[in-house]
2 protein chains.
Amino acid sequence: MEFNDHMQAALEEARAAARRGEVPVGAVLVSPEGAIVARAGNRTRELSDPTAHAEILVIRARCAELQSERLPGHDLYVTLEPCAMCATALSAARIRRLYYGAPDSKSGGVAHGARVFTHPQCHHAPEIYDGIAEADAAALLRNFFAPRR
Amino acid sequence: MEFNDHMQAALEEARAAARRGEVPVGAVLVSPEGAIVARAGNRTRELSDPTAHAEILVIRARCAELQSERLPGHDLYVTLEPCAMCATALSAARIRRLYYGAPDSKSGGVAHGARVFTHPQCHHAPEIYDGIAEADAAALLRNFFAPRR
């Protein structure tokens, strides 16, 4: 299934992030034609940039490529429930569909906490599909944080 | 008063943004020693980057300069209530105090909508001072959008 392939690509990015010592979250952006057009894992440490979450990086990369502030028809796959920053950026970029893996009760902003897409101050909400390859995404995070706790 | 000087600098950045055809919001970042160490207006159009809000730009600039993901002891002045994206970025960067001008009932994420700092998923909340030079900040936005509506 296509959406599983896309999430597998996001999981590869999450694993690569873990190898760099970054929180293992990965994302890919899929064009209206169904092609992966940007991929990234977290790089907040490497870039010394607290906004360098995987979702922000793929949005910025594709927007720069298209010279556009908006990405209509694009779908984003990410291994973890986005935080409120990333959810708001998805909205600003007019992302069509959001597919995510594991829920994030600690820092999530979609199904938890700020629930960014549920307020009238949010001017575009993507369709949301959660729990895609959830076990793999959650295991990655667990294995990353276990020795650090 | 010092905080008024800092907000005046943020208003200058907002006016400069308007002259570039950007939504007129400006921000400055103040170091623990009380010096302005970064300043920016919105550049989403120029940079084709939906995340290029004034707040994000000053945080990224200062983090890059200090090679740090966090800015403890830094205060941020912005002419408009931050959106949920920027509020979450402020939290991630551990900004100490947030001073803002006009409330933003349409897109704000601090006193409206997502109210980012009020949830347990938010791991750091700055002290908040609102209504600083509110009339000037609101007039700038009104004058910018009036001919466009």
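Note that the numbers count up from 1, one per residue, in the order the chain is shown.
Backbone N, Cα and C define each Cβ position, glycine as well.
Taken straight from TrEMBL:
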type     : residues                  : note
DOMAIN   : A:1-111                   : domain 'CMP/dCMP-type deaminase'
BINDING  : A:His53, A:Cys83, A:Cys86 : Zn(2+) binding site
ACT_SITE : A:Glu55                   : active site, proton donor
Task = Have a look around A:Cys86 (Zn(2+) binding site) and count the other CB atoms within 10 A of its CB, chains all included.
result = 29
Task = Whole-number Å only: compute the distance from the Cα of A:Cys86 (Zn(2+) binding site) to the Cα of A:Glu55 (active site, proton donor).
result = 6
Ask   = Per-residue pLDDT averaged over the domain 'CMP/dCMP-type deaminase' (A:1-111) comes to what?
value = 97
Largest tally of Cβ atoms lying within 10 Å of a Cβ, found at which of the recorded positions A:Glu55, A:Cys83 = A:Cys83
Request  = Taking only the Cα atoms, work out how far A:Cys83 (Zn(2+) binding site) lies from A:Glu55 (active site, proton donor), in Å, as a whole number.
outcome  = 10
Key: In the chain carrying A:His53 (Zn(2+) binding site), residues 6 or more apart in sequence that have Cβ under 8 angstroms from it   = A:Val25, A:Asn42, A:Thr44, A:Pro82, A:Cys83, A:Met85, A:Cys86
Key: Conformational class of A:Cys83 (Zn(2+) binding site) under the three-state DSSP mapping   = coil
